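The next block holds one structure in the form of C-alpha cells; read it before the comments.
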Amino acid sequence: MGLVFLGPPGSGKGTISKIISNEFKYQHISTGDLFRENILNSTALGQEIKKIVERGELVPDLITIKIVEDKIKAIKKNKDFILDGFPRNICQAEALDKFLPNVKIINFLIDEELVIKRLSGRRICKSCNNIFNIYTLTTKKNGICDVCGGDLYQREDDKEECLKTRLKEYKLQTKPLIEFYSKCSRLNNVDASVKIDEIKKKIIKIMLKKN
C-alpha cells in the first residue's frame, strides 16, 4: 500500500511518518532525501540536481518524477511506503497516477497560528542537535540543553516572519493539488491539531479502509 502525506511544515506529518514506518514497516520516501542521496552517490540525475540547486532553482518536475518513479520501482514488490513531499503540484499528481494509481492521499489539516506557535517555539542544541520547544518541551534551564548542557538556538526559518512566508507559499502551491484530489473523492483529511496518538488512530483507520 502507498500513502501520500500532504501538510504544511509543523503539521506533524514527519513525526507520524516515522511512527507508521517503525510500527507497520512502511518505507518512508522523502523527495528531499532522494535528492541528497543522488547527489551523494553522484548519479547522472544527482549531478544535474546539484547544478540546479547551486543555481538556487527548483528541481524540475520531470527530474523529480523520474527519481520518485525509479525509487518506487526499486522497492521490493508489495513493500508498503509513505510518500512525503511528493506530489507537490498537478503535473506530479497526474504522473503519480500513471505509475501508481491506487495510493491513499492523507491531508494534515492544522490552523496557521498553531503551526507558527509550534515551529517558532522550537529550539535546537548547538552541540548535540537535540530539539526542544519553549511551549511544549521546555528545558530545566532557559536556553540550555538538558542532554549535554549546550546552548540552544532558533533557526532562521523558524522565526515568525519567515514561517508566514513559507506557509503562504505552501498554500499557493498545494491549493490546486488539494482541489484535484477532492474532486475525485480521494482526499482523506486528518485533524493535525490533536495529540499524535489521535492522529495515528485516524490514519490507521484510513489505511484499513477499502478504496
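Residue positions begin at 1 at the first shown residue.
Using N, Cα and C of the backbone, Cβ positions are placed for all residues, glycine too.
So that you can see what the record holds, here are the features copied from Swiss-Prot:
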- Gly10, Ser11, Gly12, Lys13, Gly14, Thr15, Arg122, Ile131, Phe132, Val194: ATP binding site (BINDING)
- 30-59: region 'NMP' (REGION)
- Thr31, Arg36, Glu57, Leu58, Val59, Gly85, Phe86, Pro87, Arg88, Gln92, Arg155, Arg166: AMP binding site (BINDING)
- 121-158: region 'LID' (REGION)
- Cys125, Cys128, Cys145, Cys148: Zn(2+) binding site (BINDING)
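Structure coloured by features recorded in Swiss-Prot.
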residue	record	contacts (Cβ under 8 Å, 6+ apart)
Gly10	ATP binding site	Ile110, Leu114, Val115, Ile116, Arg118, Leu119, Leu163
Gly12	ATP binding site	Phe108, Ile110, Ala192, Ile196, Ile199
Gly14	ATP binding site	Asp84
Arg88	AMP binding site	Thr31, Thr64, Gln173, Thr174, Leu177
Arg122	ATP binding site	Ile131, Phe132, Asn133, Gln154, Arg155, Asp158
Cys125	Zn(2+) binding site	Ile131, Phe132, Cys145, Val147, Cys148, Gly150, Asp151, Leu152
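Within the set of binding-site residues (Val59, Cys145, Cys148), the lowest number of other Cβ atoms found within 10 Å of a Cβ is recorded at Cys148. When the alpha carbons of Glu57 (AMP binding site) and Cys128 (Zn(2+) binding site) are compared, the span between them is 31 angstrom. Here the Cβ of Glu57 (AMP binding site) has 9 other Cβ atoms within 10 Å, regardless of which shown protein chain they belong to.
DSSP classifies Arg122 (ATP binding site) as strand under the three-state reduction. When DSSP labels each residue, the region 'NMP' (30-59) comes out as 21 helix, 1 strand, 8 coil, counted as helix, strand and coil in that order.
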